[in-house]
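Worksheet: the structure to be examined is printed underneath.
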């Protein structure tokens, strides 16, 4: 019987100059990426002596950042309507593509690293290839800003959340919406898939966190513990814990097997705007309004990990977790003391943990050299390779011409959407025709 | 003599709980945090709109912020505008309704007060479109205040006519009344404030139409079909429903 330890604060990164909007660990745990309303990305290195990188390039707030499954690329989504793919090194090469006609709120990689999905205020979700950033298709049904869209672990589904108060589940094969979950409490800020792919969590502006079963299309758990809007949710690798960050200034960890809060963590001043578990669940990171990025060690999952490994050995022939694994079980004899939720206050610790402030290297695309931004040393970026037309033209054309080009680009966007709707219509017509012919055949 | 209706002042904390200032600060906080496309500001008629049935269905999806405070006069709203409530936002539309509480001021003074607020708003947010709502009638029977409001509205209509980025929205008095000119309680339950369903419906329907025209979007109440804001939205993919 191992002793369970409480989560502890490990690192404290400072460098952003505005609200931190997203955080993500790379798969081999050597780096942490964060995005901010200050228009920049930061990539923090865990190795003590290494400097952090500040990637400059986006022209407006960066809303989301994600490492590719291989860790070789970082994708960022911005209010400037573009998505950038960066190589997280000191050279910081990136390519940029105009993804939407409005603010891009989120970007996610499929687990095979081949596809990207982006969600935007233009009410659409778009799927792209990672290689060459080719547009594949749009998912159109939301009637308001889409704040979040994530791939399922098996890559066959996408779940999205929107200000139209719905969470939609999409099938990527048929490009149809499979199910609509109604979140009556408010806008949906964030959604995430359970590692088993059988259920999803949603974070709502009314402070609620819901777990929905996507096979039975019903709600499994509804937690109302947060006192303010819940901004982000992240499942632990075991699927037994859910991490949330809220406007009420706290992070909470929910025990999904017991169906209650396990920990409440204080560390940020003001709203917590981003949270994320590492891929193996041993660490988690958070970012807030206070411009800080905090890295915590989970600790309480040590028992979990051992259990997962032994369980895998035993149940290799049996199917994955079933619905019973998620339901709170009242009569379960808990190995840990059934105390009320644990509160961790790391605010004092932050002051002690005066982080050996990493030097920050500004990494910029070549066009911007010469315009110094901060005191730290500058290194030249290798420039954007194979950047799409609009980006290269911007720097050399007159404003009227570049306006015209942007207008044409947005018209093309609209045309693309129209064509995809026409395609859909045609497919539906063909299906109906097939049905008609079949029923006719049956009658004769 | 200077016009007290145009002299920006906060509301004095006569009761001792500092509520007005707390509300103002809460609005400042919201202005920084939220991303509104529409901001509504004014007195209780604006404030209580957020409790109406229509608010959740029709206004919330438009990303609205409600900065109404009950009892506010023109000079109080003016103070709030000048003290930061419209500083951090970038709304596409701003809606203003204030003036019914300026009891001790003449019609001309009230009109001047409203106009002063419009000028302050447009200085802070020149790129937003401003909708000024005309004062509503009050009192069960015809009375001098109704006439005062008519005079204010007449003056506002004249001054705002032709001003760029400005709409003067006047809902006809008779909309709120029966044939004999009495206001029924199911429209204004205390002959001043609108009821949550019937009363606000009369005000909000034309208001929403104007807002949606300006925003260029259409909110679907029973949202089932595919809805996009581009011209592609014209193709309604007619499903088996």
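In case you wondered, yes, glycine gets a Cβ from its N, Cα and C as well.
Beyond its flanks by at least six residues, the repeat 'WD' (A:13-54) meets 60-67, 69-71, 74, 76, 78, 86, 88-90, 92, 232, 273-276, 278-280, 283, 285-289, 291-295, 355-363, 376 of its own chain at Cβ-Cβ distances under 8 Å. Summarising the annotation, TrEMBL assigns repeat 'WD' to A:13-54 (among others).
Look at TrEMBL and you will find A:55-86 (among others) tagged as repeat 'WD'. Through the fold, the repeat 'WD' (A:55-86) approaches residues 18, 21-28, 31, 33-43, 92-109, 111-113, 116, 118, 120, 128, 130, 133, 362-365, 368, 373, 391 of its own chain, all at least 6 residues removed from its boundaries and within a Cβ separation under 8 Å.
Residues or ranges marked as repeat 'WD' by TrEMBL: A:97-138 (among others). Each residue of the repeat 'WD' (A:97-138) gets a DSSP state, and the totals for helix, strand and coil are 3 helix, 24 strand, 15 coil.
Sequence-distant contacts of the repeat 'WD' (A:139-180) (same chain, at least 6 residues past either end, Cβ-Cβ under 8 Å): 103, 105-106, 108-112, 115, 117-121, 123-127, 186-193, 195-197, 200, 202-203, 212, 214, 217, 417, 420-421, 424. The repeat 'WD' annotation in TrEMBL covers A:139-180 (among others).
DSSP labels the residues of the repeat 'WD' (A:181-222) in these numbers: 0 helix, 24 strand, 18 coil. TrEMBL lists A:181-222 (among others) with the feature repeat 'WD'.
Over the repeat 'WD' (A:223-264), the average per-residue pLDDT in this prediction is 95. The repeat 'WD' feature in TrEMBL is assigned to A:223-264 (among others).
Beyond its flanks by at least six residues, the repeat 'WD' (A:265-297) meets 7-25, 27, 29, 32, 34, 36, 42, 44, 228-229, 231-238, 241, 243-253, 304-305, 343-347, 349-350 of its own chain at Cβ-Cβ distances under 8 Å. Taken from TrEMBL, the feature repeat 'WD' covers A:265-297 (among others).
As annotated by TrEMBL, region 'Disordered' applies to A:310-346 (among others).
If you look up TrEMBL, you'll see A:324-334 marked as compositional bias 'Basic and acidic residues'.
Residues or ranges marked as region 'Disordered' in TrEMBL: A:365-392 (among others).
TrEMBL lists A:370-383 with the feature compositional bias 'Low complexity'.
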